[in-house]
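Here is what TrEMBL records for this protein:
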- N11, W12, K13, G187, S225, G246, G247: substrate binding site (BINDING)
- H108: active site, electrophile (ACT_SITE)
- E181: active site, proton acceptor (ACT_SITE)
Amino acid sequence: MPAIMPWVIGNWKMNPETPTAQQQLTQQLIDHIAEHLASGAALVNLNLAVAPTLLHLLTVQQQLQQAKSAVQVIAQDVSRFAGTGAYTGDVSAQLLANAGIGMTLIGHSERRSLYGEDATVLREKLQAAINAGLKVVFCVGETLTEREAGQAEQVVLQQLDEVFDCIDLQHWQQNLMVAYEPVWAIGTGKTASPQDAESMHAAIRAGLKNYHSSLVDLPILYGGSVKPDNAASLAACANINGALVGGASLDADSFIKIARAFSQDRKAG
Ligand code: 13P
């Protein structure tokens, strides 16, 4: 398996509260990265991204670009409807792409549980995103009840299976990443143990390989209470290719510490 360049993505969800706070968080991110570079501890072989609210996607992007930052800006979600039209409240993949946003999350457990997004909706969203040229981080994960019933792996593989055939293999190869986020670990302070996370990631990778051998090197990110103090043990797992970070990404210092854990330069500084 070729080395997979890890991704560390900060999902800011519906935070922070004001435009000023968004700007400060972005600036802190820029400053922390600069400090790391200045100390010779570069963040190498790593993709970094943040997902602000829709309201702030472009201002955060502009601020990062002005600072010549390599941090990418991605959307937290996308409309199931394509193009333009009478879809009050929605933003389509095409509008995101036209505004220079190249990637989106789809299928986050909060979208599934709080907004009732089922496989039909997620298939439409995936198709809309791919047709507009966006890359996608597709999120999967089981609830605590499902885990306790011994169904975790089955549920997660099913979540992949129900969308797999809605886009071409070529797009899976080039434009998809998977994020495993056990629902019981999101925002709870409970992280999956590195062994449990690794075991699920290995199962996801085997499932992808079953679809086609070329999918064996798709990045598979872990999400769910990733913090600076557990990032290194997760990063050490062979099948964990990055992190999707919620709460800890709202603190630039914590986020960069997590990024360091996944950077291949991590032993240098
Ligand atoms: P927390 O890191 O706050 O648990 O959130 C994880 C998540 O949902 C990222 O998408």
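Glycine is treated like the rest: Cβ placed from N, Cα and C.
Other residues of the same chain near the substrate site, with their Cβ within 8 Å of the Cβ centroid of N11, W12, K13, G187, S225, G246, G247, are N15, I186, V245, A248, S249, L250. Ligand 1 lies within reach of G187 from the binding-site residues W12, K13, G187, judged by a C-beta closer than 6 angstroms to any of its atoms. Note: the CA-CA distance between the residue listed as 'active site, proton acceptor' and H108 (active site, electrophile) rounds to 8 Å. Cα separation, G247 (substrate binding site) to H108 (active site, electrophile), rounded: 15 Å. Compared over the binding-site residues G187, G246, G247, the count of CB atoms lying within 10 A of a residue's CB peaks at G246. Cβ neighbours of N11 (substrate binding site) (same chain, under 8 Å, six or more residues apart in sequence): A51, Q76, L105, H108, G223, L244, V245, G246, S249. Listed in sequence order, L25, V50, A51, P52, T53, Q76, S249, L250 are the same-chain residues six or more apart from W12 (substrate binding site) with CB atoms under 8 A from its CB.
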